[in-house]
């Protein structure tokens, strides 16, 4: 009885016994029962029947028969009649003649046996053979596995058996019985007899098979029966000589069904071809019909059959014979039934039941078969099996885990015999490994092409098992045999001695000494390199004997690393011989002599030269000379020889007999060959092993055409660390010539590298790796040397090896601090490519570990901690010396520790050559230069890494001097990069003047790139370090210009503050700082150093200014300090209240430090910075800061030189100004001073004058502020005496007045500092005078001043327009849209005044002279309720320079509605050229229209009196307009609602109403939220129209700072608006209720909004929605990334929409730049790109550039950082097709 799967036999027996007693339970309390049986079958075949025979018995312990009536009520379950013997009659004698068919035992599949003798004949046509295959074979018989000493034919004679006989004459016959696995039997003829004998006592006798016809055997045929000889060789014809052409040979190997056949390819060399269709060998399993075809040259490989029979078919064509093959065959036990075979190049293997637990008492067998020339790599992705401790008990899983490891893990090791395990067996290499327990993912690889995995489980402890992926990997091809010794039997007397003499070589210069013919040369050959045995890396050795040029005997040995050549020829190392009998003789019975001769014999040499014994045998005997034949002990076969060296061998397939010399002959030539390779296998190394390329340290370097593989395999918990101390190979860009390639076999991660590398490293993820070394046939280099070390793997969830080129770094449990305990700590290994260095940058670090070391950064090349970090550290970076950097920290108990960090890492390409790199610690100042010993001129790329320890919180300060770069095309450059912030600067031109570079954090990389020119480049550098603030207390400014303020400006700055502002320009720039306001705590009035009395602090005086008193006071409380980073002697401090002032640096960097104490706070400061080209220092110019002094033109009092440019910077204190006096002045004179001139400029106020010619008398010039530039320029023509000047400083008045007079017919007027914001306390008068009789037309393009006072008057900052003739005056302030004023006289005065407190952008206006004398012929007055008016000449073009006024007055209770049915005017931004302006007379609500309107539009007044003004300029006329007007009733004036304060969330139910922001039209308050709701009757919608809209104009992404939010209720449809909106703009709700929310933040106020609402019927939403500058809608926004992509404007190639702002943000990889190419570009044009435009902003520098118009030949742009924003803006007129563009990431 067989037990069901999963139940032990004992348990199954228990179940069976219980079931016997359960069955009668159905008749409990019954006294009788049925006991039934069936009668015999009515027929022995042909379908008989059996009848049920029923018997009634009692239920007593011993049942007794009873009458059937007692059982009549008991049911009977059996059928009354059943069929039997259904098989047909006549199946015992059968004949098969078809080409294929199925054969079975009689009555198959019936198991019942009837005694008989049956015969099955299979007869096929004469040109065929019979192949039998048995898929099932179950006969009663002896279990041969239990009686290995018996043969099957012996035990089957008298029992049940199957005998198969080949019917040809003397045909073979085999007898089989018992139970067999599938097996095959191939005949030699076309007829086979199968005889089947059974006995009556035996059951379960049956078989099933199939047969098929295969072609008859060829003439070249061999059959080997392995049941007679267990092993032997299959050789190609003529082997070891070349095979012939046109061969077709077959070899059949047959074993008994219990065995498989293993074939080992010892030597294999056939003609190669891609498809193996020329010469080939096919190996085929005759049952499974699995076959493989081989050709070319193969190394050692294995091929194991699936069954008991193999056929080898060898074919050669008519060309190019090769040496052929020698294959060792052996029989071995068959794999267990149910074994899985894997023949694909890759696949997955799992344990039984996986992923559920495997069953107990189970075994599984897996075979992986790869092609020859490949090895097998198995990666176990999951491994969890039973494991015992030293006491033999399973280790229980911990109840409470403290570590984040999934379960307790065990290292491999110890004994797996008593537990569940797997065994991995490499058949050819004979290597076996056992694994058990729970293991991390690990890898195992074979050394050959076949592997067996055996899984075994016992009765206890079932686990999940394993899952493994396998793949095959190419192995190096077999090397050619190399001749290392040759001797000819001519006159040679000492071949053995010469071979063993390692002190010299022989006849290397004679090529004939290598011949296999003795006639060619009597000389001995042995090369010099044979003497260095170990370096040769010999894998195989063979001895071949030649006679008449053909091999007559051969012996192959596998070699072990050894220094002793005697060990090359050892019986235990023999793997092949020409004599098969050597396979079956134990080495203990053989003598392999290498003393005075080479001899392979038996019974000779151990008992006194008994070679004349009649049983003594010889296979090989190479003697230096023959002994004297007269000596009795001489061997009989030697006695007739002469006294010269002789090479004896056996001529047969077996040994010759020495007594009579039977089969013993002499050869002509003896040769010794080696097959070597440089492959090395390192398994289970204890700690480390040294490795180097062949020839390393030798002047010649490594060999050409080298093909070396180094294999590393250790335990699952190990990893390998490969470190090359020296590395120099041939270089090419793709590393395709000479290279080293390392592959991690666990993850597949691969690095290939070549050239010269500095300490390249490779740390494996797992426990196995392959290193491949390849060279080509050309140049050689020194090679490489290194070591492979063993390291433990960290298997915590927080540990990893990262190979990306960039990424983020965070602590475990991020974004929380370290939360969980990790037993092994946490390790992140950053692995860069060999040619890279790794930079780790940390933006936040906080480490407080109580029980273990700090956060540690380890440079893997040194294996020692280089950085230990604890505490709270400012952002920092660290760049590795090699290509690997390790970040490690222990993960102790969280409640006793705190660890948090975040940052990033990136790979930096290492310089080439790799030695061109230096590392400096800037804590100790030092110098560097180029060229130097390490940074050599002509080197392609050199780095200097300068850094300080992170815990110092220092920054790096570089000073560069004497920079000479002679390549004008920037092929050479110097580049400085802050590795933390990635701020960098590149200088590629000579900089004679020193400049500085200050980092943001602790590390800087200075890169020198030398181009292809031979020019000499030089640089001298100095580095130091200094304290740095936190990044939150520091700002760095680059670019061209910008502004900066104290924190919270214009509100009070905080106490106890330090803030650094670093201004960094390019090497050829200087820094201008313009402080527009400075209002700090007043300085001390006590002497410097006196203690401060906190009880007498000065009051906070807001408007009072206080100049610095340098003699008696000191800025010791709150102050700014301005530092010149190149010249620290120029540092200056300011505090208190200062007039606007300027400062200029001597070089490219300046640092402003703002310090406050803990007491008084004030408004702070506002300033701007400008980077400007540095003056040329060639002998003139300079910075003058003394209170008085002088300067001259170059050469004065002689003539000045030609082509000169000199800049004299005169810098006074903040509260001073400069007075210049030119005592002598004589330059070349011209009307415009464009030749030779002196230009004097006040850098703050922009006051500037240019002088030239001969000034007869001294003259003076006084600045408005404290910084003056005097620039002298001369051209290349005439020379004069130049000038001499002196200067002095004087105090500035509190209010600075500027006066400007304009007398041209047109011009531009602007407030001071129009490029930024106007200064405080400034008064400027602008007088414009034109010709008499003309008027002045003023157009204000920009107008942005401080708003009015609370009383509504312009009292703070304002512009007053005064008609100088009429005396009329108009005072303006606040923010206004562009507007115009026409002055009816020829003179106007504009007075601009600013106060102390705040400042804005100012104003810009243009003026032109207009003719007032010509009366207008188009002015009209209308007083009728309706009417029509048009532009002049309509529908023809209107005239140029025309103004027409149409005044419309209707009844008092009416208003005017004007409808323009046609409208076509010149288009312009803000309608500056031709336009129609409509307004209520006496109201400030004018509205302009221009351009071309496709659809009619209307305008309605607020009063009954309207003025329509038509204006055209002097160019571009158009058709004009056609308009009608009509009067309509004035609407009832509704109250104005704000929704603020008490009205918050007010509900409006009127059908119309008005709304404004709070305080409108003055600026709305900060930090306010107002809300209103409109509720209307059913069927009505809210329509809100904005007539004015000006909110804070900046937004971030999709979020506005100040905004109006409109929401439909209840569907929640919401839209938000901010910035400046074109009005009127309308929004319509989707329901009858809506909500209006207004919000302002705490930063910037604005004028606000004005709007009306009315109830309208439900109709389509108007197409013209509110136009806004920001944010763009989500449909008009996109974020792009990656290496390349494309994008277009909306609707391209159709026109883009009106009133849109579309944003495309492009971000590429860190370190890359964005290149954009527009292949199509068509955007509405305007001179200043003021209408429609595309703006590209570099997000790293905030530098922006605008484009408009049409570019037909393409438009290119390239950023300086890795992110840009492309914005398309369109106004309400003239849309165009837009653009189509593509972007790419470039270096």
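Just so it is clear, glycine is given a Cβ too, placed from its N, Cα and C backbone atoms.
Small disclaimer: the values here were computed from a predicted structure and weren't measured.
As stated in TrEMBL, the feature region 'Disordered' covers range 1030-1049 out of the listed 970-989, 990-1009, 1010-1029, 1030-1049.
Highest Cβ contact count with the domain 'CUB' (1540-1656) among the listed stretches 220-332, 337-473, 678-791, 1298-1410, 1676-1786 falls to 1298-1410 (criterion: pairs under 8 Å). Mapped onto DSSP classes, the domain 'CUB' (1540-1656) shows 3 helix, 68 strand, 46 coil. The listed stretches are 337-473, 1180-1290, 1676-1786; of these, 1676-1786 has the most Cβ pairs under 8 Å to the domain 'CUB' (1418-1528). As a summary of secondary structure, the domain 'CUB' (1676-1786) carries 1 helix, 61 strand, 49 coil according to DSSP. Look at the domain 'CUB' (678-791): DSSP puts its residues at 0 helix, 57 strand, 57 coil.
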